[in-house]
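One structure is given here, and the rest of the page talks about it.
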Amino acid sequence: MGHGPARGPVVKVRAKDSKTTILRIWGYLRQQRLGLVLVLISTALSSALSLYAPYLLGRTIDLNIVSRNASGLWRMCLLLLWVYGSSVLCTWIQQFVMVGVSQRTVQTMRNDLFVKFQTLPLRYFDSRTHGELMSKTTNDISNVSNTLNQSVIQLISSVFMLFGSVAMMLYQSLWMTLVTIITIPLVTISTKKVSSYTRKYFSLQQKNLGDVNGFVEETITGQRVVKAFQREEKALQEFRATNNHLRKVGIKAQSLSGSMGPLMNAMGNLNFAIIAVAGGWMSFHHIITIGTIVSFINYSRQFSQPINQLANQYNMVQSAVAGAERVFEVLDETSEYEPDTSQGHPVSHQALHLLGDVKFQDVSFRYVEGVDVLKDVSLHAKPGETIALVGPTGAGKTTVVNLLTRFYEIQSGAISIDGADIRTLDKRALRSQLGIVLQDAYLFSGTIRENIRFGRLLATDDEVESAAKLANADSFIRKLPQGYDTPLATEGANLSHGQRQLITIARAILADPAILILDEATSSVDTRTELHIQEAMHRLMRGRTSFVIAHRLSTIQNADQILVIQGGEVVERGTHEDLLEKRGVYHDLFTSQFIRLA
Ligand SMILES: Nc1ncnc2c1ncn2[C@@H]1O[C@H](COP(=O)(O)OP(=O)(O)OP(=O)(O)O)[C@@H](O)[C@H]1O
């Protein structure tokens, strides 16, 4: 097995349309105006206090230390303590409020995204990997949340600090201001150089991390296959190589970004030295005081920090905007129906009570342009009839039922139920009348009771249990240590294949649909379970129009009509006896394949 496409947090650093995306993020943020105003006020206050402190320090040195005024010194020290203390408090408030703002914002985004996923047509999921969609709900959204948490405050405070420190420096000395900012171009150029390299390696690191994640996900999901084919060693080798790549790139990225700190320190010290020498000279010539030198040393730090931060934050914001853009792309997809915003309460749709008279008239369909999957398929199922669909693999049997459920829309012809074109029916109302039991019985994590109740959410415990009885599932469920409240592992892995089938049958019985779609399991179960399943299926089918993708002889023999599908066309139709007599495709299929099931 190869390790398919990277499924991890592959960061596309640039957004396509940053402006629109930022405006949309703003749309979410705006819902929390009060929090944002609080953040703005506390950031402004903490910046103002931080800007005032160095000035106060300079004044303390000049008025109290140089002039040896001890009593004034104490007062100034207390004032300084108050200024620093209040600035810390404001910073804490701004962080605290912003965490709430950003978490609420991404909660709403995550919610919108999940609601959207529920309303997107199946076609959307066909062309995307699970990893890609997962990455949107996890990586992309956490990227937005981190950026909102850190960058928004830092951006605001950097702007305040930058302009504030220049103003405070100019207020004290024009010449010293010029001396302080003289090293800035040097700092900016070197940071830019280093960070352009760092970004490249960080991007590579993200991509490699995606490879590692994708590989691990695939190997864990495919554990059975890996073990069955004894590919553990091969998987390990591939993993080692991918992991190795990640280490190499990781070391480069981390050590480059690690060198940024010392470099900045060196620049800062150079700046201090220049200020000290130039300040000392000016103080010697009585142009400025010693206190001013001290306050400039502080301002130089407050001034250069925001410049570096602005550059860093810009990159972070860029990658978050790109993440948000990917989320918005999903939100802009066309839904099958309007999202259910009722927050978990069942929504009433136009009620539909069908008899189950189903007609296909010259239905043609293709999943992708140019490849016809169904060609002019016509059929008529009267209420209560069983239609068996048989044919070789890939013939189009599943596609017939995919169209009836409107998982996909037909391109030509018409499908009607009780005389009404299904395109005119509300999709959810239509699906509420269709019961589906699929071959790969899908169970959710949760208890057995919850899984059966999935068929009708408002069913009582008694109704759930009588559905299970009809489905022949009750006796095995009761033998489990926790009975109906037994929790199921992922996809019901702690049940046998046959047991999973019985639970999905119970689910369909509870839903009580007018029309049934059954995809019979091909995998063999023991004879007793087989009999149980057959009996349950027959009870389920009684009185309902049933479409069965048939693999079992019993279903086929009892079916009112058998449709033999080959290459997307109905090549033969009739009852079992009719078709055997005909000695055509069905006869061949039956004698070669199905006879073994008898
Ligand atoms: N989502 C899809 N996108 C593109 N092509 C698809 C899709 N689903 C099915 N197909 C193609 O349509 C054709 C019919 O598939 P379908 O699943 O209806 O066959 P089937 O008769 O049910 O086969 P099987 O018995 O193996 O389940 C196949 O060639 C398949 O490759």
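Placed from the backbone N, Cα and C atoms, the Cβ positions cover glycine too.
All annotation found in TrEMBL is predicted automatically rather than curated by experts.
As annotated in TrEMBL, transmembrane segment covers the listed stretch 174-191 rather than the other ranges in 156-173, 174-191.
Same-chain residues lying 6 or more positions outside the transmembrane segment (174-191) and placing a CB less than 8 Å from one of its CB atoms are 166, 260, 263-264, 267, 270-271, 274-275, 278-279, 282, 287-288, 292-293, 296, 299-300, 303-304, 307-308, 311. Averaged over the domain 'ABC transporter' (358-592), the predicted model reaches a pLDDT of 86.
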